[in-house]
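Lifted from TrEMBL, the feature list:
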type	residues	note
TRANSMEM	B:21-41	transmembrane segment
TRANSMEM	B:53-71	transmembrane segment
TRANSMEM	B:92-120	transmembrane segment
TRANSMEM	B:126-153	transmembrane segment
TRANSMEM	B:160-183	transmembrane segment
TRANSMEM	B:195-217	transmembrane segment
Amino acid sequence: MSLGPYASFIVTSYVLVAAVVLLLIVWIIADYRRQQTRLKEIEASGITRRSGRSAADIR
Amino acid sequence: MSALGALIRRDIRIALRVGGGALIGVLFFLTVTVLMPFAVGPDLALLSRLGPAILWLGALLASLLTLDRLFTADHEDGSLDLIVMSRTPLELACAAKALAHWIAAGLPLIIATPVLGLLLNLDGTATLAVAATLLAGTPALTFTGMIGAALAVTLHRGGLLLAVLVLPLSIPVLIFGVAASQAAISGPLPFGTPFSILCALSLASLVIGPFAAAASLRHGLD
Amino acid sequence: MKLTETLTDLANPTRFLALTARILPWLAGVTAILLAIGLYQSAMAPDDYQQGATVKIMFIHVPNAWLSMFVWSVMSVAALGTLVWRHPLADVAAKAAAPIGAAFTFLALVTGSLWGRPMWGTYWEWDARLTSVLILFLMYLGLIALWRAVEDPSRAARAAAVLTLVGAINIPIIKFSVDWWNTLHQPASVMRMGGSTLDKAFLWPLLVMAIAFSLLFVTLHLAAMRNEILRRRVRSLQMMQASRVTFASEAGAGSRDGSAPKGAA
Amino acid sequence: MRLSGRNLKCVRGGREVFSGLDLSAAAGEALAVTGPNGAGKTSLLRVLAGLLVPAEGTVALEGGDAELSLPEQAHYLGHRDALKPALSVAENLSFWREFLGGKTEDAGRCLTAVALDHAAHLPAAYLSAGQRRRLSIARLLSVRRPVWLLDEPTSALDAAGQALFVGLMRDHLASGGLIVAATHLPLGIDARDLRIGGAA
């Protein structure tokens, strides 16, 4: 597979797309972890949901 | 010193939190710049000639409009009373607030400049020149704009009045900012002359701004 | 009481969370496989006789451009859900979609300008299509700014929903005006992206990539919605925590007096 | 230490609020400024805090720190709470603690004293009016200042909060502090009455 004279443009665009998508994924996972730890902290301080179930429980 | 550090940290933190306006300034800058080609046409040669002027006008308006709440927010919730009463000289507190505002709202404008330069067909040197002049010139805009923001507290009015008061004061900065960028792109003047005048304007406003703002705040409280 | 209302509202999202937890791994897996197939096919695709190898940028540019519009329509449906049916998940969906949509729109812009560079000689040309995408990008950023400007999510949701719908109506008008503005200034088209007839050799990889990216969006969107629901749960629990502090202090105020820091330090 | 005001006259918006007002308070003493609405209670406190310039007369603090002016040795608790809703309770308090400077108390203990320690990490936006007032009171505790200028300090507080605040004021007076409070409710501590605008 030869990419011709404009190989750098093609590679750059693919790399950029990969980078931005990875960034999105990392951001979403980090956000998820942050919310989970916050919920656990609140629960540890004795506040529970009315249903009596764990706030961090998502199942 | 730690008092000023605390003030700067607090203001930056508020600007970056939910409800803070740090990034709205950049968005405004972006939008104004993108609007220009629709008015003058998509001719790239023309755009690259007008580029520095468009970017400077956009940055000027963006940094002015975000200044609106610099003191009003603190006045409304009573923080300003305590700042005036404190052992920190009011002039230094004003300077700290302006510095925090510049870091949160002025620096992002400079970071966005290369992207906008691309849209306006500016080449590398031209973009660099505009970014350098903005880096030297936006502190002057913030520190002179601060005077207007302090007057807005006194007069219980903000928004457009602030713009009308401050825009004439920022004309010198605009002249030398655009002149320096043009000099770097096409000449015939050397870049250094207008650029050093721009730096001098910034330094002067660093001194005048806090004193004028503090004076108008002291008299404006009731 | 307002608090109980908030908590009953969570009942429905709770079922959503359970469902999400079950299907997210599968969705992620299918997305990864489809992306791998799509990438392989685009690598193997032949060069275009006019554009040469740069045609490969099309395989990622077009899916992103498609998503930039698709995400806005998803948000418009969600906005209707917020305004008309007041569905509790609707504003969660709208809020979670905005940053993802902005990211895809950004990618459409960047890949478009990288694709255009060999043709135009500059990274940016005020080409009608790219300009419309740029305006769409600005609208996404404005929407995100709106969400960030208001602390109470249910209040922000109404405003954002109205803005989204106005945007949806305005996008065709903007598109039309930009086309008109562009032809007024540049009678001869600079380039025609993709061309009208697409070779089958390009069609298949493009289709697979488009489906893979759409699935990627669905996966990310569901995960982001889950985050948003948890964020709101944190918020309502924190408010509960704040109000409980007062009750606790009423019971213990008498004893707390003694524990105050003695003035003489 | 003695806070004194002599022949004070205050004019606001072209209207004379009060004139010929004398006041004095010694260390360990509380002064309750009372009077009908519009009599100038808030204006008097703002004159003492240096936020308003009196049209006539002088304000002086004898026996305090000679290097510092009266406002720099005073806490002002106004109608507005000087809190930022975007910051957490602890961030709000520690900002004022660092910014006001001087002798400081541990921020955590001050929050405990006003029964807000459980809310330390919550955004201030979630607090009720009474809780916001408690947080402002924590500011008075976090930095040592001899003079407290309080404007309707108990207005938003519930019974428990008022009892708590009375205890804190007693502690402050016992440690040689001085309080000037504008109020239309009984303060709950032994205070000398200063009635202004009483003729109306």
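Just so you know, glycine gets a Cβ as well, placed from its N, Cα and C.
TrEMBL does not curate its annotations; it predicts them automatically.
From a predicted model like this one, the values you see are computed outputs, not experimental measurements.
The transmembrane segment (B:160-183) makes no contact with the transmembrane segment (B:21-41), as judged by fewer than three Cβ pairs under 8 Å among residues 6 or more apart in sequence. Cβ atoms under 8 Å from those of the transmembrane segment (B:53-71) belong to residues 21, 24-26, 28-29, 32-33, 36, 47, 80, 97-98, 101, 105-106, 109, 113, 116-117, 120, 130, 133-134, 137-138, 141-142, 145-146, 148-150, 152-153, 158-159, 162-163, 166-167, 170, 173-174, 177-178, 181, 213, 217 of the same chain, restricted to positions at least 6 beyond its ends. Away from its own ends, the transmembrane segment (B:92-120) comes close to residues 4, 7-12, 15-16, 20-23, 25-26, 29-30, 33-34, 36-37, 47-48, 50-51, 54-55, 58-59, 62-63, 66-67, 70-71, 83, 86, 126-127, 130-131, 134-135, 138-139, 141-143, 146, 150, 206, 209-210, 213-214, 217 of its chain (Cβ-Cβ under 8 Å, at least six residues beyond either end).
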